[in-house]
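Copied over from TrEMBL, here are the features:
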REGION    A:1-22  region 'Disordered'
COMPBIAS  A:1-15  compositional bias 'Low complexity'
TRANSMEM  A:31-51  transmembrane segment
DOMAIN    A:84-268  domain 'ABC transmembrane type-1'
TRANSMEM  A:91-109  transmembrane segment
TRANSMEM  A:121-140  transmembrane segment
TRANSMEM  A:146-165  transmembrane segment
TRANSMEM  A:198-217  transmembrane segment
TRANSMEM  A:245-264  transmembrane segment
Amino acid sequence: MATAVASPPTSAPPRTSEEERVRAARRRDRINAVAWRLAGYAFFLGLWEFASGRLMDERLLPGPVDVLRTFGELWASGKVPGAFADTLTRIGIGFAIAFVVGAAIGILMQNRLLNGFFRDAVTIGVTTPGLIWALITAIIFGNRPWGPLIAIVLTTFALISVNVAEGIKALPKDLIDMAKSFGVGVVRRNRQIVIPHLAPYIFTGVRFGFSIAWKVTVLTEVFSSSSGIGFEMRTASQLFRLPEFLTWILAFYVFALLLEKVVLEVIERRFFAWRDTIKS
Amino acid sequence: MAEITVRNLHKEFGVGADKIVALDDVNLDISGHVFVSIVGASGCGKSTLLNILSGIETPSHGQVQITEDGRPAAKGYVFQAARLLPWRTVMDNLLFVQKDRSEQTRARCQRYLDMVQLGDKGRKYPGELSGGMQQRVGIARAFSTEPDVLFMDEPFSHLDAITARSLRAELQNMWQETRKTVIFVTHDVGEAVELSNRILVFAKGGHLADDIDMPLPFPRDVADPEVAVAKANVFRTFEQIGALAVS
């Protein structure tokens with residue numbers, strides 16, 4: 001007896017050559033972009049290596065190879081992770097306080113009178129350079145731990161306030177009315193409408209706030225601290241150890257890149273994937 | 001059976017010289033499986049009436065009662081824009097307005113998505129859908145709560161004519177199938193004649209100017225002479241009232 005055997009469904013329709021070509025072009029484009037980026041690194045590092053010892057005294061401008069070696073030594077000695085831990089703890093505590101204070105002010109500013117009460121303070125907070133707070137707190141607090149914390153709070157709270165206030169002002173009333181007309185309770189409304197709406201505003205505030213907090217912290221450590229990255233930089237410069245000084249700058253870059261490329265991008269992909277759908 | 005009773009309904013916005021009367025002494029009785037259209041020029045208070053009926057706004061004075069067999073009726077709403085949460089998938093948008101997240105509820109949501117022909121789009125985000133599809137999701141969302149009364153505020157006015165036409169046919173089918181009471185606001189007289197068995201005409205100043213019965217059988221073909229005559233009649237009433245409002 002003959003059995004009719006259905007041919008297995010092909011998993012995907014055969015790709016057209018057109019699609020294949022587009023894909024290849026995209027791949028080429030990506031490779032090109034990476035190549036140019038690497039060429040940039042090679043050029044500037046090469047220039048630096050060339051200048052060191054030829055255009056400038058090696059003691060004044062140690063080359064990248066020298067710096068990299070020092071980086072390895074400092075890392076092995078535990079100095080780099082230790083200094084980072086100190087600095088990051090300061091940023092963590094200071095920024096957490098700034099976030100709570102900033103968000104609270106942003107919420108309170110919805111009230112017309114309280115808006116007047118806080119408005120100029122927030123403007124001053126946004127416009128004053130971090131360097132000024134770093135100097136002032138260094139003079140007032142010396143090397144007590146309060147200095148960097150207060151400098152961080154003063155430089156970053158206003159950024160959070162402004163973003164939170166903007167986000168609240170732009171709350172999607174049409175969606176909230178929709179939810180009300182369907183009898184959706186206030187808790188679910190807040191969780192599903194208000195928080196997702198505010199998330200990008202808060203994220204922007206945190207992102208810029210954090211990058212500023214980072215700079216201010218290192219500055220205050222340069223002026224008035226006995227630990228952390230800024231302190232290590234000051235020590236290295238006072239002892240005229242330029243390879244060490246540059247090592248700290250290198251460590252700084254590595255960390256910033258890591259934060260930008262890994263942490264922030266993961267957050268963005270995880271929570272804001274829906275935004276790409278609007279563009280497409 | 002759903003019963004809507006409106007007594008001496010009055011609504012005004014603003015104070016003093018800026019006062020605007022949106023609804024002026026409106027009295028209404030609607031009951032059972034009917035499709036009621038509210039038509040009128042813009043600014044005649046038809047959306048305000050819908051918002052008060054659905055509970056988004058409160059009346060300045062007067063009473064509104066909406067019941068289903070004596071208990072408060074469950075309400076659904078379809079808006080002019082789809083009003084979907086852009087950060088939730090289509091299915092999650094439907095689940096958002098449900099009382100629970102049980103398997104049964106999910107199955108019901110899926111059934112209504114199938115009904116608007118978006119059964120395979122549950123995992124998409126609203127931003128990935130066309131305007132007509134988004135509005136379909138809005139309609140599925142309103143039906144999926146299985147309301148006793150469904151309020152629709154010019155749901156097709158933002159869509160192109162062809163999409164609007166196919167959605168009207170779908171809505172007609174869903175209304176026949178689910179036997180809801182539908183209150184439908186539109187400024188399109190043709191749409192009102194095609195869909196409803198009762199048309200309430202509102203005039204400027206927010207008063208109910210006419211209440212027209214539309215006994216023609218469904219589905220109605222716009223090319224049918226009887227439908228065309230009915231449409232012409234409504235237009236005539238409309239024009240008379242329009243003239244009255246100007247004087």
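The backbone N, Cα and C atoms fix where each Cβ goes, and this holds for glycine too.
Away from its own ends, the transmembrane segment (A:31-51) comes close to residues 61, 63-65 of its chain (Cβ-Cβ under 8 Å, at least six residues beyond either end). Counting Cβ pairs under 8 Å that are 6 or more residues apart, the transmembrane segment (A:91-109) and the transmembrane segment (A:245-264) reach fewer than 3 and are not in contact. Within the chain, the transmembrane segment (A:121-140) has long-range Cβ neighbours (under 8 A, six or more residues past its boundaries) at 105, 109, 146-148, 150-151, 154-155, 157-159, 161-162, 212, 215-216, 219-220, 223-224.
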